[in-house]
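Shown next, in structure tokens, is the structure this report addresses.
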Amino acid sequence: KDPVLKKRDDFEDILEERRNSSDLRYAFKCYTPVLYRGLTPCKAATLKSMVLQSEQLLHVINQVSAESGESTDVVKDEAAAILEEMAHRLQLRTIRFFAYTLSKAFKALYRSVCVNEEGIQRLQQAMQEHPVVLLPSHRSYMDFLMMSYILYTYDLSLPVIAAGMDFLGMKFVGEMLRMSGAFFIRRSFGGDQLYWAVFSEYVKTMLRKGYAPIEFFLEGTRSRTCKSLTPKLGLLNIVMEPFFKGEVFDVNLVPVSMSYERVLEESLYARELLGVPKPKESTSGLLKARKILSEDYGSMHVYFSPPVSVRSLAQGRINRSQFNLTPRHVAQKPSEETQAFVNDVAYRIVRLQQENMVVKPWVLVATLLLQSVEGMELTELMEQTSWLRDLARMFGAFLDWPGTRPLNSKVVLGGPVIRRLPVHIPIRQVEGPQGPETPEEALFNRAVSVLSCASYRNQVLHVFLRPALLAMALSNANSSRKEDIYSCFDFLRNVFSDEFILSPGASVQDFDEACHLLVKCGAVELLHQDVVMAESGRTVLSFLTLLLEPFLQGYQVVCRYLREEATENLTEKQFIPAVRSFAVKLHLSGSLKCYEVLSSDLQKNALNALIRLNVVRRDGLMSNQVAIVSSIHGMLIHSAFSLEN
Amino acid sequence: MASIGDGSERQRIAQQRLRVLAGHLRRLGAEERPGVAAQECRAGAGTTEPDDKPPCSVPKRRQDIMKWNGWGYADSKFFFNKKGQGEFTGKRYRLSGLILPSLKDWFEGTFGANLQHKSPAVPSLNTSAVAPPSLNEAFVEELKSTGIPFSHDTEDRVFRAHGHCLHEIFSLRDGRVGRCPDMVVWPNCHNDVVKIVELACKHSVCLIPYGGGTSVSSALECPPEETRSIVSLDTSQMNRILWIDEKNLTAHVEAGIIGQDLERLLNESGYCTGHEPDSMEFSSLGGWVATRASGMKKNIYGNIEDLVVHIKMVTPRGVIEKSCQGPRMSTGPDIHHFILGSEGTLGVVTEVTLKIRPIPEYQKYGSVVFPNFQQGVACLREVAKQRCAPASIRLMDNEQFQFGHALKPQVSSIFTSFLDGLKKFYITKFKGFDPHHLCVATLLFEGDREKVLQHEKLVYDIAAKFGGLAAGEDNGQRGYMLTFVIAYLRDLGMEYYVIGESFETSVPWDRVLDLCRNVKERIVRECKEKGVQFPPLSTCRVTQTYDAGACVYFYFAFNYRGLSDPVHVYEQVEHAAREEILANGGSLSHHHGVGKLRKEWMQETISSVGLGMLKSVKDYLDPNNIFGNRNLL
């Protein structure tokens, strides 16, 4: 399957109409969405009582009451309180208010908000047929406001949105969000059986009744790096269960790719990754942040992928009759088969989100700049960008390139791209920060720039990831035999599977895909049993290897830290600051040039990978201690990494 | 069913009383009859028909009165007359000779069919297309010496080569005939069967028992891989009631008797079994036992396994039967349950002792309209919970309700049509029922008049709690009629490019709604995916209630114009529908049985250990697979 042949829809700018007609009239427009044909209409309040009276919940209430010795009434009240805290109160008035204010805000922030209308039509169709789950990518707080705004604009049913409890900390705003369809869940409720029961029953009831499309973020939280995060499975499990148990005929999952030219939180994220705490969500914080309204955030693209039917995905993979022998209101732990399936679906959805992410020119520019820290001539940059554009296109990237004459690249590039570059602060800083600073400050500022820049590069990583892993495997494998290269590829893929979206168990497919792409661009030749670098492949392969270099170096630093400095009773909490100061030390001594190792995201991923690979062990579930196991595997990692240098 | 509803209620009861009396008067004679038959058999002269043999509704030569390529009697069929109105021929049924004005519109509207587009069947069986019989000469020679009648006439063979699955009838209409039995034997009594089975074992002949031929599970299809001579063992001539025991209320009956004869003969003595499967006009007692049949009125009388007191079966290993007629025994696993549902794989059921009941004094139909299917199911569930189900209670979905209406005969007076209009207005406008969602439950009460009326009130009161409105006897009766004429209707459809079938399942109460919705939707979706050009008819009814669940019955039909292999498409859709049933917690079959059609799911249904148990029974009873129809296992 050739990714280039993938056909994608055209975009429409929804702000265009907003700039030409009254926002007030828009806010008060006649809103009559097409409804789910199996809908049993009910109010938000009835919904709550349905949940509280559901067999599922009553079963758990009785269980909890039996275990804790509390009377069922007390537990019931507790459940009611949880639901009260959680439940949304979607009402059209609030939506209309948001429609008005957001119109104003979006016009100030964005040049355009482009939506694929065919996707909207498919969505409308899907919403009539079966319950729909909207799964947008998550890069910004803007995401869910934007989703509801778009659905309102196109007269589609407004979603109910799973949101983190943090928003409730914001007086007034939290309640506003609640009234626009957000429901709030605690960030962690590990062992709380009652909480889980209320929450899952609430979501399932809405889904079964077709109350509204359900929206949540598979990634669980905003990605601070603009790189897709490993999907969380809890909610996905919940929304699929009604299908598994036959309560609905099908569930449609709709991946939505939201690509920002520049996210609102850009500079915050870089600082956060460097250890500056995330500002607490507060209303006053929001008001202070209004200065962002005066800045230019470019354009935004929202792509609604075709609905994915859970039924077709589950065909041949899930034996639904496994639920025949227990009453359906008794919660069962999902079987291994089911867990693996849900996991696969989650990865598939995230990959669909990635595929339809729109890549802007400066993403490529940032990618190139990060590879030559000393900067480069403008003309050279233009030439290389144009080269990279062609490569990216060949690898199936969804590029939004100004101009329509790709062959005459000089003309295309010379104009709009560079002129719009100053929108992005980091470039200038990469080229050379000035002023009297302490070395630490200088390092910090430089790191902010690099990490901001990296957040652009990260938006195109998914395009190059698999070929890049192969390129790296090619240069590290013991021979050019296909098996050797594959095993090296598989190893690297395994190491980085917390860092990037690499579906477990898809190693062979990924390898084939990587081979296919590298052969296509002429970088590699497949000879019988061997994979060899082609004469002309040097540029591509070295670009690809350099692309992953920062990650490789980052993981090495983490390994070095664990080997050289970590003490016996290191806790996970101490780990990040400790690695950071270790890296800072290396930087200041001049032995480390890589800035990305300072990112807490990379440090966490590296730790998770090491734990997953049994190189490092968590001692006890709660103690949070990290013990280092020098296993054979650990040696393996070390040797693979040292090969690289 | 043909007898019910003839004349007024009063007349009917009077007739019934008369029959009871007449039955009592004749009883002496009836008791002597079996003695004669038994003697004949012992004398080895079973070939001559006993003089006092009761008139049988099905002759040896089935072709004389039955269709060779469709359902039921040759003289009864639906057709569209020159004016395009539906009509039903013959004199046998309540609908016979009546005009059905709304049938055409329903038919064309539902299937996108057109009376101009016909798909006629070949007019008659081309006997030369049937492969000549491969006879086992030694077997035939010895059989001749026993005097048991047999035949290898082509028509006789073809009639016993099929049941009534869609693919079987479709092929026949096309003039295609697959592997046929090589000969047909008609034993007259248990001893004849014993001889036949002995000879079959001796000469290695494959036996396939044949009762009424109403199978819808490919159970009667001859396995094409069978190389031995296949002999169809037609039990239809073993059709006597051997004795009636009024003290214990049991009757001992030969297993070849068909439902309507059994009921008629028992009625003459003032009794009935109350076992009324939809196929009772043609299906046989032995067939009921061999497939675990279920009757419409099982709420009062029970299903076949509840009715049976004693069974005699001839197997290659010998005759199996219990030594007494105790009403319940704790003597290890009940051997009857190896026989019930054995689908002709273990032997031939020859004689059965059944429970009988006095004919009920009073019978009353009824119906309830519900605003939607959910409410209807909730009501049935409540009725089952209170254990107050009438003899029969069925809930038809909206599509089936409309189907039933298409069979409304021309109304005789303006007044009736005015009343109908008024009823419709009351329900849809005044009560606000959506005509596209409402559904109807049909009821049949039976028993003492007073108790029936009490019972009726109780059920209607429950129905009212679920928004149900009483909708009259007529609607109820028409609902039951539908199940008797549905197979005739399929023949009509096949004249106009419409093919269809019914299938059933049983399912726990809490899954009834989900299963109905998902299976219906799956059918619609599969049809679309398989290239069916028109939306199919996909409809269901909850047709039996139990303490822990219900039996659901589906009708599925579509217009196959534009498809190159309609039967294959049909089979794929039915297969998908069955998968959907199983995925939704439904059973493989409630009463149709497994046959060869649903064999592939047996292991998953009863576990491989369970399957092994059944296989070991088969291996013990029939190591050489004499009963080689290859059903079930």
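Positions of Cβ are set from backbone N, Cα and C atoms, glycine also.
What you are looking at is a predicted structure, and each value in this text was computed from that prediction instead of being measured.
Pulled from TrEMBL, these are the features on record:
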ACT_SITE  B:Tyr553  active site, proton donor/acceptor
BINDING   B:209-215, B:291-294, B:343-349  FAD binding site
BINDING   B:Arg490  substrate binding site
DOMAIN    B:177-359  domain 'FAD-binding PCMH-type'
REGION    B:32-59  region 'Disordered'
SITE      B:Arg394  site 'Important for enzyme activity'
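Shown on the structure are the features that TrEMBL records.
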{"residue": "B:Pro209", "record": "FAD binding site", "Cβ contacts under 8 Å, 6 or more apart": "B:Leu233, B:Thr235, B:Gly286, B:Ala290, B:Gly344, B:Val348, B:Val349, B:Phe627, B:Asn629"}
{"residue": "B:Gly212", "record": "FAD binding site", "Cβ contacts under 8 Å, 6 or more apart": "B:Val58, B:Ser236, B:Ile258, B:Gly259, B:Ser279, B:Phe282, B:Ser283, B:Ser284, B:Gly287"}
{"residue": "B:Ser215", "record": "FAD binding site", "Cβ contacts under 8 Å, 6 or more apart": "B:Gly163, B:His164, B:Cys165, B:Gly287, B:Thr291, B:Gly593, B:Gly595"}
{"residue": "B:Ala293", "record": "FAD binding site", "Cβ contacts under 8 Å, 6 or more apart": "B:His275, B:Pro277, B:Ser283, B:Gly287, B:Asn303, B:Ile304, B:His591"}
{"residue": "B:Gly347", "record": "FAD binding site", "Cβ contacts under 8 Å, 6 or more apart": "B:Val197, B:Met313, B:Val314, B:Thr315, B:Pro316, B:Ile320, B:Ile339, B:Leu621, B:Asp622, B:Phe627"}
{"residue": "B:Arg394", "record": "site 'Important for enzyme activity'", "Cβ contacts under 8 Å, 6 or more apart": "B:Ala441, B:Thr442, B:Gly479, B:Tyr480, B:Arg541, B:Val542, B:Thr543, B:Gln544"}
{"residue": "B:Arg490", "record": "substrate binding site", "Cβ contacts under 8 Å, 6 or more apart": "B:Trp71, B:Leu166, B:Ile169, B:Ile499, B:Gly500, B:Glu501, B:Ala557"}
{"residue": "B:Tyr553", "record": "active site, proton donor/acceptor", "Cβ contacts under 8 Å, 6 or more apart": "B:Ser502, B:Phe503, B:Glu504, B:Cys540, B:Arg541, B:Val542, B:Thr543"}
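DSSP classifies B:Gly344 (FAD binding site) as coil under the three-state reduction. Regional average pLDDT for the domain 'FAD-binding PCMH-type' (B:177-359) in the model is 96.
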